[in-house]
Every structure is written in structure tokens, then in C-alpha cells.
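Per Swiss-Prot, topological domain 'Cytoplasmic' is recorded for 1-124, 168-179, 223-356, 405-685, and the stated evidence type is a curator's inference. What Swiss-Prot lists as Zn(2+) 1 binding site is Asp58, Cys59, Cys62. The feature transmembrane segment is assigned by Swiss-Prot to 125-145, 147-167, 180-197, 203-222, 357-377, 384-404, 686-702, 708-729, with sequence analysis given as support. Per Swiss-Prot, the feature Zn(2+) 2 binding site maps to Cys392, Cys394, Asp714; the stated evidence is similarity to another entry. The active site, 4-aspartylphosphate intermediate feature in Swiss-Prot is assigned to Asp436; the stated evidence is a curator's inference. Among the features that Swiss-Prot reports, site 'Important for metal transport' is placed at Lys693, with the record citing a curator's inference.
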Amino acid sequence: MSTPDNHGKKAPQFAAFKPLTTVQNANDCCCDGACSSSPTLSENVSGTRYSWKVSGMDCAACARKVENAVRQLAGVNQVQVLFATEKLVVDADNDIRAQVESAVQKAGYSLRDEQAADEPQASRLKENLPLITLIVMMAISWGLEQFNHPFGQLAFIATTLVGLYPIARQALRLIKSGSYFAIETLMSVAAIGALFIGATAEAAMVLLLFLIGERLEGWAASRARQGVSALMALKPETATRLRNGEREEVAINSLRPGDVIEVAAGGRLPADGKLLSPFASFDESALTGESIPVERATGDKVPAGATSVDRLVTLEVLSEPGASAIDRILKLIEEAEERRAPIERFIDRFSRIYTPAIMAVALLVTLVPPLLFAASWQEWIYKGLTLLLIGCPCALVISTPAAITSGLAAAARRGALIKGGAALEQLGRVTQVAFDKTGTLTVGKPRVTAIHPATGISESELLTLAAAVEQGATHPLAQAIVREAQVAELAIPTAESQRALVGSGIEAQVNGERVLICAAGKHPADAFAGLINELESAGQTVVLVVRNDDVLGIIALQDTLRADAATAISELNALGVKGVILTGDNPRAAAAIAGELGLEFKAGLLPEDKVKAVTKLNQHAPLAMVGDGINDAPAMKAAAIGIAMGSGTDVALETADAALTHNHLRGLVQMIELARATHANIRQNITIALGLKGIFLVTTLLGMTGLWLAVLADTGATVLVTANALRLLRRR
């Protein structure tokens with residue numbers, strides 16, 4: 001058992017292409033299923049956090065059984081099983097690892113260290129031996145009954161007992177661990193009851209169908225987890241590190257920021273890296289959904305899991321172990337399971353009432369007719385047992401999480417990361433979208449188009465001063481000014497006391513003097529008023545360079561519209577989703593972009609103004625806010641759902657409920673379509689699960705169906721629900 005690690009802060013959840021340290025807090029539950037196993041420790045009110053990988057789970061109901069087993073232990077504050085990644089997470093006041101492992105084992109499952117290699121799969125024959133044995137015994141029993149009825153009955157009893165033994169043993173384990181109404185318990189009671197009333201053939205058939213259903217559910221669950229498994233497989237196990245001019249093969253966990261690695265043509269990056277080679281093409285489709293290889297130049301960042309298409313490349317490692325793009329997406333998947341949709345929480349609560357209620361109905365059906373109306377005991381005991389099997393909530397329990405997990409996985413394949421079912425549900429309801437302009441509707445790489453200095457200062461001096469203040473800033477306009485100075489090979493002085501003025505600009509001390517870079521209109525500039533008006537009317541953005549309250553000049557910049565912006569807006573309109581631009585830019589520059597796209601706009605907004613605008617719009621209909629900067633974060637928080645562009649700042653990415661990693665606006669359209677398809681899928685699944693139960697409830701009471709058909713209906717509903725959810729993965 002490995003020693004717990006100490007962690008202290010939380011990594012941005014959407015910074016899929018930024019090198020950041022991954023941290024686990026006891027308040028940050030990972031919930032999806034790719035478990036790390038060595039228990040991890042966090043110092044906060046929730047005590048210590050431990051995590052393991054769980055083996056033996058076939059469906060979401062299994063995850064709940066493990067949770068129930070651990071929840072009964074003293075000292076446990078919180079427990080959650082992330083089915084998609086097969087991970088158990090426990091927050092406890094003290095070290096209870098041994099007790100947790102014992103409790104899970106008693107419930108019929110096993111735990112292993114998170115860093116341990118996956119257990120080798122059992123052979124097909126060994127895995128299916130109980131099912132094969134039961135099928136053979138059933139065939140023999142049927143044959144014997146045809147020739148000798150008493151011997152056939154004895155054979156069916158023997159078959160039932162052989163099939164019942166492992167199921168009843170598991171039922172007892174689950175009862176001891178707190179799962180009183182598990183399907184194993186219902187099956188055991190039904191099979192024993194069927195033997196009691198002489199329905200030996202049906203008792204055996206019930207168990208056979210149950211085992212077949214378990215195998216089908218296991219297969220469906222593995223298919224649902226394939227997306228996560230494929231993502232985990234993107235990272236190679238080893239990397240080639242260059243040290244002192246020599247190559248060495250090392251495990252990827254030993255890589256640290258600053259290490260230099262080589263990746264051969266066709267090889268995958270083991271960590272996020274900065275390209276040191278002159279240029280190269282990378283296939284990033286597994287992470288972003290971008291099918292065309294991406295060209296990268298020296299200094300560009302490349303995410304872990306990307307494939308070098310055509311040449312040997314050298315990179316500098318940027319990410320810590322466990323903090324690469326792939327790790328952060330897996331972390332997101334885990335967190336997504338914690339942020340369950342309201343409908344999922346409702347179904348979970350309903351299913352907890354549903355099974356005991358059906359059992360009570362079954363008991364009444366068994367007792368009332370014989371006691372009050374002198375009906376046949378055998379007939380009504382049989383009907384009561386059949387109702388017991390109808391009471392299994394498996395299909396209902398997985399109806400929502402199966403669809404949501406598939407929807408989230410399908411979105412991730414297309415480069416859209418969504419923070420869980422709650423965000424997915426909100427996204428499906430969106431009927432209007434508010435866009436930031438710079439970096440969202442535009443490429444976010446503006447260029448300097450004009451420099452107009454005041455009398456007594458040259459263009460190069462003005463640009464140098466502006467670049468000194470803007471150096472290190474993340475805003476696209478700031479980067480454009482610095483880039484222009486670098487291209488002109490100007491010597492940029494070091495600025496001190498740099499401070500961002502949210503919604504206004506940025507200021508710093510340069511050569512002992514206060515210099516402010518701000519938007520036109522944020523500071524008086526009468527001498528340049530006519531020129532500013534002319535430039536803004538042409539759709540350009542103008543910034544002022546102010547030193548000690550004196551305007552030294554203006555710099556004009558212009559961005560280009562994203563290539564797919566017009567198409568995305570048109571497709572959103574076709575979905576009945578209206579768009580509006582909310583920007584801090586000047587009204588004339590905003591009007592130029594809005595005119596090209598046919599959108600309404602509000603310009604010159606401070607962050608608080610954006611929040612007010614979003615709040616007002618959100619009152620009329622659910623609104624999504626799409627942005628990429630620090631000034632967009634408050635508005636994203638105020639919207640029904642915030643969506644960040646993948647190239648955005650860490651603040652925007654953390655605040656957002658979803659992100660487009662590939663920076664294509666058409667991904668927003670696909671995201672909304674997928675969210676709506678997921679909701680339709682959930683409704684279909686609930687209809688299938690409850691509809692089949694309702695039909696067989698009626699037919700059972702009318703005496704039209706019996707035990708084995710009830711099991712078939714339960715198994716069939718579970719398989720149908722899972723298969724229907726998997727359709728989302730094939731959606732294009």
C-alpha cells in the first residue's frame with residue numbers, strides 16, 4: 001500500500017493545454033471512474049482523502065453497493081465511486097484504509113492501488129464458466145423431464161441450487177454491507193420461493209436469465225468505459241529523455257518540467273511540451289477532435305497524447321507528472337460525475353423508494369387475495385415473486401448516468417469539455433448565447449495597424465513604452481503590441497509594479513514614471529478625438545498610451561473574424577438560439593463585427609456591466625456566455641452556463657462550465673445539439689425502464705406473464721437502456 005501524498009491547491013479544470021500542477025483537495029471529488037489507487041491525503045475540514053481502483057463492477061448499481069459498504073464505517077465523512085473510471089474516493093478523519101479494503105471485499109468486490117497496473121483479464125472460458133455450467137445443466141434437466149418427470153424435477157432443483165449458491169452468497173454479503181434491496185437479494189428470494197411452490201423449471205430459468213443479463217450488462221459497461229480507457233491509453237508508458245547529450249529510456253512519471261525529450265515520427269507525447277525543433281505537424285485529434293494535423297513552430301505548446309506525424313521532434317517538458325492535458329481531461333471526467341444533473345439526482349432518489357414500494361406491493365399481492373378472498377396461495381405467491389423481480393431498479397438507475405456519460409464522452413471526442421450532467425442539462429435548455437468579441441468571435445490575434453504619437457515622441461518610442469507595460473499580459477491586444485515591438489527589434493525596458501485595471505487597461509512603472517495603457521474613452525484625449533473616431537469607424541480598436549496623465553499617442557489594432565464564425569451563427573439560428581455580442585471594445589469596432597454576423601451588440605462594457613447584461617438576458621430565457629478573458633469570468637458565472645474558448649485565460653477556463661479546446665465556434669453548435677440529444681436519450685431511457693416495468697406489472701397481475709419473462713424484461717430493459725445511451729457515442 002502506498003503512502004498518501006500531500007496536496008494543497010486545485011488545478012484549473014479546463015486548462016487542457018497549459019502546464020499546471022494537478023492537486024487533489026478533499027473538497028474536489030473525482031467521480032468518474034479512472035481511479036488512482038494510492039490513497040491521497042488532503043489537509044482540510046474533510047480530513048484525509050484516499051482513492052483506489054475497484055474491480056468487479058458491472059453497472060452503476062454495483063457502484064452504489066460499494067458506496068453503501070464503505071459508508072457504514074466509522075470515521076468516513078464522504079464516499080463516492082466513479083463508475084466510468086472505476087475509482088473509489090473516501091474522505092475520512094483518520095487512516096481507515098484497511099477497514100475500507102475489508103468492507104469492499106466483504107461486499108464482493110476488490111480494491112487495488114491506483115498506480116498499479118491493470119489486472120490481467122481472466123480467460124473467456126473461466127469468466128463464463130458459471131453461465132456455461134448452468135446452460136448445460138438446464139439442457140440436461142429439460143431432457144430428463146421429457147423422459148422421467150420426477151427425475152427432471154430433481155435435476156431442475158439441483159440446477160437451481162447450483163445457480164443460486166453464488167447469487168445468494170453475494171446477497172448475504174450485500175445485506176451485511178447495507179444494500180438490503182439489491183437485485184441479488186430479489187433473485188434469491190424469487191428462486192427460493194419458486195422452489196417452494198414447485199415451479200422448479202422456472203426457478204432455474206430465472207437464474208439462467210439473470211446470469212445472461214449480468215454478462216450483457218458487463219459487456220455494455222465495458223463499451224461505455226472504452227472512451228475513458230482509450231484516453232488513458234494515449235500516454236506511452238516510457239519516454240526518451242536527453243541528458244548530457246545521451247538518450248535514456250525513462251518512465252513518464254519520472255519526467256519533470258525542463259526535461260528535454262525526443263518523440264519519433266508516429267510516437268505520442270508523454271507530457272505537455274514546448275517544441276524545440278524548427279517546426280512539425282502533430283495529430284491532436286484524440287484530444288481536440290481536430291482531424292487535420294496541426295502545424296507547430298518552435299516555442300509552441302503541444303499537449304500530451306498528440307502524435308508527431310512525420311518527423312523526429314525534440315521538446316521541453318512543461319507539465320508535472322499527473323498534470324498533463326490527458327490527466328486534466330480525466331480529472332474533469334471524474335469531477336463531471338460528481339456534478340450530477342438534477343434529473344439524475346431525482347431518479348436516484350426515486351429508485352431508492354421504488355424497490356421497497358414494489359416489495360411492499362408484492363407482499364400485499366401474495367397475502368391479500370388468499371387471506372381475504374380465499375384465492376389460491378400458490379397462484380398469488382407466484383405472482384408476488386414475479387413482482388419482486390419487476391422491482392429491480394437497475395435499468396432505471398442507469399437510465400440517466402449512462403446517457404450523460406456517453407454524452408460527455410462524445411463531446412470530449414469533438415474537443416468540447418463539459419463539467420458534468422448539471423452543465424449538460426443547462427446547455428440543452430439554452431436558447432440564447434452571449435459572445436465576447438476579442439478572442440471569441442475573432443481569432444484573438446490582432447495586429448497593430450497604425451501608431452500615432454504626440455508631438456515630441458517617435459513611433460518607436462511610443463511602441464517601446466507600450467510594449468514595456470504590456471509585456472507578460474495575456475490579453476490578445478497586449479500580446480499584439482509586444483509582438484509588434486519584437487518584430488521591429490526594439491529594446492523593451494523592464495516595467496515594475498505592473499497592475500491590471502479590470503475593464504480599463506493596465507498600468508506600470510517604466511523608468512520611474514507611471515504609464516497607463518487604456519481603451520479610448522477611458523481617459524481624455526481631445527487632441528486625438530477626430531483620429532480615434534475615424535479609426536473606430538473603420539472597425540479598429542484604439543488604445544491610448546498615457547504617461548503621468550499626459551497622452552503620448554494612440555495605437556490602432558484590428559482583429560480578424562474566425563473563419564467559421566458566420567457559419568456557426570447561422571447554425572445557431574437554425575437551432576432557435578439567438579446571439580448577442582457583449583464587449584468592452586468601442587461601439588464602432590463592435591458594430592463592424594456585429595454587422596458581418598447579423599448580431600445585436602452591447603459595447604463599451606466593464607465586467608460589472610457584462611454581468612448586468614447577462615443577468616437581464618438570463619431572466620427571459622436560459623443564456624450561455626462564451627468568452628476567453630479575465631473580464632469575461634464574472635459574466636460566465638452569472639449566465640446559466642459559461643463556455644470558455646480553449647485558448648482563454650486560466651481564470652476563464654476555471655470559471656466556465658464547458659470549454660471548446662479547438663477554438664472552433666461550430667463546436668458550440670455541436671455541443672448544444674449533443675446536449676439536446678442527450679436529454680432526448682434520457683427521456684427515452686426512462687420511458688423504456690418504467691414502461692417495461694409497468695407493462696409486466698399489469699400482465700403479471702392478469703396472469704399473462706411469469707417469473708422468467710419478468711427477469712427477461714428486467715435484463716432486456718437494462719441492455720436496451722445502455723445500448724440506447726451508447727448511440728450518443730456514434731453521433732456525428
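Yeah, the Cβs are placed from backbone N, Cα and C, and that goes for glycine too.
Owing to the predicted nature of the structure, the values given are computational and were not obtained by experimental measurement.
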Surrounding residues of the transmembrane segment (708-729) on its own chain - C-beta under 8 Å, 6+ positions past either end: 59, 183, 187, 202, 205-206, 209-210, 212-213, 216-217, 220-221, 223-224, 227, 386-387, 389-390, 392, 394-395, 398-399, 402-403, 405-407, 409-410, 413, 674, 677-678, 681, 684-685, 688-689, 692-693, 695-696, 700
Same-chain residues near the transmembrane segment (203-222), Cβ under 8 Å, at least 6 residues beyond its ends: 57-59, 83, 128, 130-131, 134-135, 137-138, 141, 156-157, 159-160, 163-164, 167, 183, 187, 190-192, 194-195, 389, 394, 707-708, 711-712, 714-715, 718-719, 722-723, 726
Result, the transmembrane segment (686-702) in contact with the transmembrane segment (180-197) (3+ CB pairs under 8 Å): no
Asp58 (Zn(2+) 1 binding site): tally of other CB atoms within 10 A of its CB: 20
All-chain count of other Cβ atoms within 10 Å of Cys394 (Zn(2+) 2 binding site): 24
Rounded Cα-Cα span from Cys62 (Zn(2+) 1 binding site) to Lys693 (site 'Important for metal transport'), Å: 21
Nearest recorded site to Cys62 (Zn(2+) 1 binding site) by CA-CA distance, among recorded positions Cys392, Cys394, Asp436, Asp714: Cys394
Residue among the binding-site residues Cys62, Cys392 whose Cβ has the most other Cβ atoms within 10 Å: Cys392
Spatial neighbours of the topological domain 'Cytoplasmic' (168-179) far in sequence, C-beta under 8 Å, 6+ residues away: 64-65, 68-69, 71-72, 103, 106-108, 185, 187-188
Local confidence of the topological domain 'Cytoplasmic' (223-356) - pLDDT mean: 80
